[in-house]
Amino acid sequence: MEVCYQLPVLPLDRPVPKHVLSRRGAISFSSSSSLFGAPDPRQLSQRRGAISYDSSDQTALYIRMLGDVRVRSQVGFEPERRSSHPYMCIDFRTLHTRLGCGSTSASSAPERRVHRLLSFQRYLHSSRLLRGVPQQIPLHILDEDYTGQARCMLEKVGNWNFDIFLFDRLTNGNSLITLTFHLLNQYGLVELFQLDMVKLWRFLVMVQEDYHSDNPYHNAVHAADVTQAMYCYMREPMLAKSLTSCDILLGLLAAATHDLDHPGVNQPFLIKTDHYLATLYRNTSVLENHHWKSAVGLLRETGLFSHMPAEDSLNMERELGSLILATDISRQNEYLTRFRVHLDQDNLCLSSASHRHFILQMALKCADICNPCRPWELSKQWSEKVTEEFFQQGDIEKKHKLEVSPLCDRQANTVGNIQIGFMTYVAEPLFAEWARFSDTRLSQTMLGHMGLNKASWGGLQQEQTSVTEEAEPITAGTDAKDPTAAAGATARRDSNTATTAGGTSSKEIPQGSRES
């Protein structure tokens, strides 16, 4: 039996502090370590880069290299089963239950497997399993006693310049789990709502698993970024003094799950490919309904709210859905108009539960599209990622001879013009109204960043235009002097265009029922 411990990468040039060696999160080999088949600690310390050994504390070793440390049992008793450990190697796709007709017949009742609808991500994992292909990206979970640079970053999690990309690297790709758990604990919500720690951790692990890591934009890092932005908004004076603990819990959970199981394509794509989700939700807020139902499925599967009265649990699920459904970009004008009316009439009363919920909806909408409001170094990365996801959808549509969706043709669009249009018609109107509601330093900072980022994209667009105009006369002169070379260049351009339009892509139409 092998027990695999997967631990974070820490700088190898730093000595391990003594207090870390004694913490529960470290892997310890005491004088009885021979029971687990472990070699002598001095032998372990000689392994290249894997172990740091503190001679002043010979009872503890701290693993400092990413990877598996396999401890093989060599004694007569059975070690802990993998399935009994909530954080490692659990297959949550299938639940097993026994049906009985009373306490006397329960033991003899037939066993039945109960399956829930697999998400796209879980279906992919299941298919790989059936084909004998191992999962390519292992799930590395940090111990709750996380240390080092990730912990230092969490101390500044309310800073608008928070670098979620760096934090994701420091947590070995577990930014969503680590950040959400930290914020729930920081607010005291775990204790206040009496949330079971194992169920909560399992829920967060499953949430992160159901985000598609191969999506350039709609992945777990985006969810973590939105969760951090939501935390910043809920700390604003207008909200901090009014939100209840229930509001905060719903806000954080909605931010963490708002794009759960996103397939990497938009709603029009699902509709025109006759995807079963479009049929299920009648072509209305298809993705948002799916995100909500997926989140509810995980809440029920893990039993995170099972200790609450049934009515309270259902109410939490409904309000969670109301927040997630508000992120539908096609309903942007509807929410924005309602927000303007409230601000014009100055009738927002945050002592009212319905008004607080509406403000949470607007906060989540802002958090979802706040990338243009981040500093340029972060905003540019997000812009490139979301545009690449658009272009990948366009490549799929070309491959299957479907009409290419707006903004998804990489030959007709650039990152700059897409971002400038998005800021002008979507982001600026929303954040201008948010600044009216919450006229704080953060709101002015966001508007300032967005103005600078828009100007930066405009400058890049001008540079690209100038380079193109300078290249055209040179090309024309070459064509006039050498018709053969011009014909060859034209042939090469046609070949490249054909390759781009018909080339293979890592994405396929996700379970659509019609392919052209």
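If you go along the chain as it appears here, the first residue is 1 and each next one adds 1.
Here the Cβ of each residue, glycine as well, is placed from N, Cα and C on the backbone.
Features reported for this protein in TrEMBL:
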| type | residues | note |
| --- | --- | --- |
| DOMAIN | 142-464 | domain 'PDEase' |
| BINDING | His218, Asn219, Ala220, Val221, His222, Asp259, Asp368, Gln419 | AMP binding site |
| ACT_SITE | His218 | active site, proton donor |
| BINDING | His222, His258, Asp259, Asp368 | Zn(2+) 1 binding site |
| BINDING | Asp259 | Zn(2+) 2 binding site |
Rounded Cα separation (Å) that holds between Asn219 (AMP binding site) and His258 (Zn(2+) 1 binding site): 11
Intrachain C-beta neighbours of His258 (Zn(2+) 1 binding site), sequence separation six or more, cut-off 8 angstroms: Ala223, Val226, His291, Leu323, Ile324, Thr327, Leu364, Asp368
Number of other Cβ atoms within 10 Å of the Cβ of Asp259 (AMP binding site) across all protein chains: 26
Residues within 8 Å of the His222, His258, Asp259, Asp368 Cβ centre (excluding the Zn(2+) 1 site residues themselves): His218, Ala223, Val226, Ala255, His262, Thr327
Residues His218, Asn219, Ala220, Val221, His222, Asp259, Asp368, Gln419 [recorded AMP binders]: greatest CA to CA distance in Å: 22
Binding-site residues (Asn219, Gln419), the one with most neighbouring Cβ atoms at 10 Å: Gln419
Confidence summary (mean pLDDT) of the domain 'PDEase' (142-464): 96
Nonlocal neighbours by CB distance (under 8 Å) for His222 (AMP binding site), same chain, sequence gap 6 or more: Asp259, Trp382
